[in-house]
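These come from Swiss-Prot:
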- Asp230, Asn232, Asn234, Thr236, Glu241: Ca(2+) 1 binding site (BINDING)
- Asp265, Asp267, Ser269, Asp271, Glu276: Ca(2+) 2 binding site (BINDING)
- Asp295, Asp297, Ser299, Gln301, Glu306: Ca(2+) 3 binding site (BINDING)
- Asp332, Asp334, Ser336, Ser338, Glu343: Ca(2+) 4 binding site (BINDING)
- 151-186: domain 'EF-hand 1' (DOMAIN)
- 217-252: domain 'EF-hand 2' (DOMAIN)
- 282-317: domain 'EF-hand 3' (DOMAIN)
- 319-354: domain 'EF-hand 4' (DOMAIN)
Amino acid sequence: MSYQEAWNPVDSSLDEIISIAASLKSKTGAVKEIFSQELTQREANVKKVHENLEELQKKLDHTSFAHKEDRDRLEAQIAQKEQEQKAKLAEYDQKVQNEFDARERAEREREAARGDAAAEKQRLASLLKDLEDDASGYNRLRPSKPMLSEEDTNILRQLFLSSAVSGSGKFSFQDLKQVLAKYADTIPEGPLKKLFVMVENDTKGRMSYITLVAVANDLAALVADFRKIDTNSNGTLSRKEFREHFVRLGFDKKSVQDALFRYADEDESDDVGFSEYVHLGLCLLVLRILYAFADFDKSGQLSKEEVQKVLEDAHIPESARKKFEHQFSVVDVDDSKSLSYQEFVMLVLLMFHDD
C-alpha cells in the first residue's frame, strides 16, 4: 500500500473532523448568540423588574403618605370630638351645679323668709301688745275691742288676695288710702304717710296684710271715738269734750291737754273738726309707735339719749331738733333725765310749735 493510500483515510478523517469542528464552531456561535440574546433579555427583564419594583415602592410610599394623612385627619377628628364631649360634659356639670346653687339659694331665701315672717309676726305682736298695754300709766287711742266688723275684715282679705296689690302680697300707700277711704271721706295724707313709713314691712314701701288690718282698725277706732266724743253730734269737739276724752286716754296734765288742743285746732276756730281730730290721732299713733320701738326694756320711760335717737331716726326738721335741749328740760319737770309717753308727746308738740 502506498503512502498516499495509507494517508487518504487520515485525510478523510481530518476533513471530517474539520467539518465537525466548523459545524461545532458554527453551533457554538449560534449557542453563544442565543445565550447572548437570552442574557440581554434577562437583563432587560431584570431591569423591568427593578423598574416595576421602583414603581411599586413609589406607590407604596404614596399609599403610606395618604394613609398617614387619613390617620392624622382621623386623629384630629377624634380629638375634636373629645373636646366637644368634654365641653358638653362641662356645660352639663355647670348646669347641674347652677341648679344645685339655685335650689340652695331658694332654700336659704325660704329660710330667711320664714325667719323674717316669724320676726315680723313677733314685732307686730309686740307692737300690738304695747299699743294695748296700760301698764305704763297711759291708754292707747283705740278701744279695747277690734273695731273692724267681720265684713270689713273680709273686704281687706279679698283685697289682699286680689291683683290690686300688684301680685306682691303686700299693700302700697295707695292701697292703704283706698281701704281707709271707707272709714272717712277725708284723711290727712301727711300724717297718714308718716304712719305708713313707720309700719311698712320692707324697703319698697309696702305693708303686710296683718299690718294693714291693725292700721285700718286704728283708723276705724278714731272714727268711732270721734262720734262717741261728739256728745252733741254737731260734727266738732269743744274744748270740754276734747279734754275729757284725753283724760280718759291717760293725758291727765292740763298743759298737755291744752297743747294737744292747740295742735289739733289748725284753723283756730276753738273747736276740733273730724279731719283735725283724725290728723291728731294719726300723729299720736306715729308717736306711740316711735315710743314703743324705743322703749326696749318696757320700762315706760325713755332716757334723754333714747329720745334724741328716736327723733333723729324719725328725720325731724333741723329747726325742730335745735329746740331739743331746751324743751327737754322744760318737759322733764322732775329732772329724772327720762320721759314718760305723755311727756314725750309734750316734747314733740313743743319742738314743732310754730314750725
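Backbone N, Cα and C define each Cβ position, glycine as well.
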Of Asp271, Asp332, Asp334, Glu343 (the binding-site residues), the residue whose Cβ has the fewest other Cβ atoms within 10 Å: Asp334
Beyond the flanks of the domain 'EF-hand 4' (319-354) by at least 6 residues, Cβ under 8 Å: 136-138, 250-253, 255-256, 259-260, 263, 284, 287-288, 291, 300-304, 307-308, 311-312
Binding-site residues (Asn234, Ser269, Ser299, Gln301), the one with most neighbouring Cβ atoms at 10 Å: Gln301
Candidate nearest Thr236 (Ca(2+) 1 binding site) in space, where candidates are the binding-site residues Asp265, Asp271, Asp295, Asp332 and distance is Cα-Cα: Asp271
Non-site residues, in chain order, whose CB comes within 8 A of the mean position of the CB atoms of Asp332, Asp334, Ser336, Ser338, Glu343 at Ca(2+) 4: Gln301, Val331, Val333, Asp335, Lys337, Leu339, Ser340
Other CB atoms, at most 10 A from the CB of Ser336 (Ca(2+) 4 binding site): 12
Per-state residue totals over the domain 'EF-hand 4' (319-354) - DSSP helix, strand, coil: 22 helix, 2 strand, 12 coil
DSSP-derived helix, strand and coil totals, residue by residue, for the domain 'EF-hand 2' (217-252): 23 helix, 2 strand, 11 coil
For the domain 'EF-hand 3' (282-317), residues assigned helix / strand / coil by DSSP: 23 helix, 2 strand, 11 coil
Ser336 (Ca(2+) 4 binding site) and Asn234 (Ca(2+) 1 binding site), distance between Cα atoms, whole Å: 43
Residues close to Ca(2+) 3 site centre defined by Asp295, Asp297, Ser299, Gln301, Glu306, Cβ within 8 Å: Ala294, Phe296, Lys298, Gly300, Leu302, Ser303, Ser338
Rounded Cα separation (Å) that holds between Asp295 (Ca(2+) 3 binding site) and Ser338 (Ca(2+) 4 binding site): 11
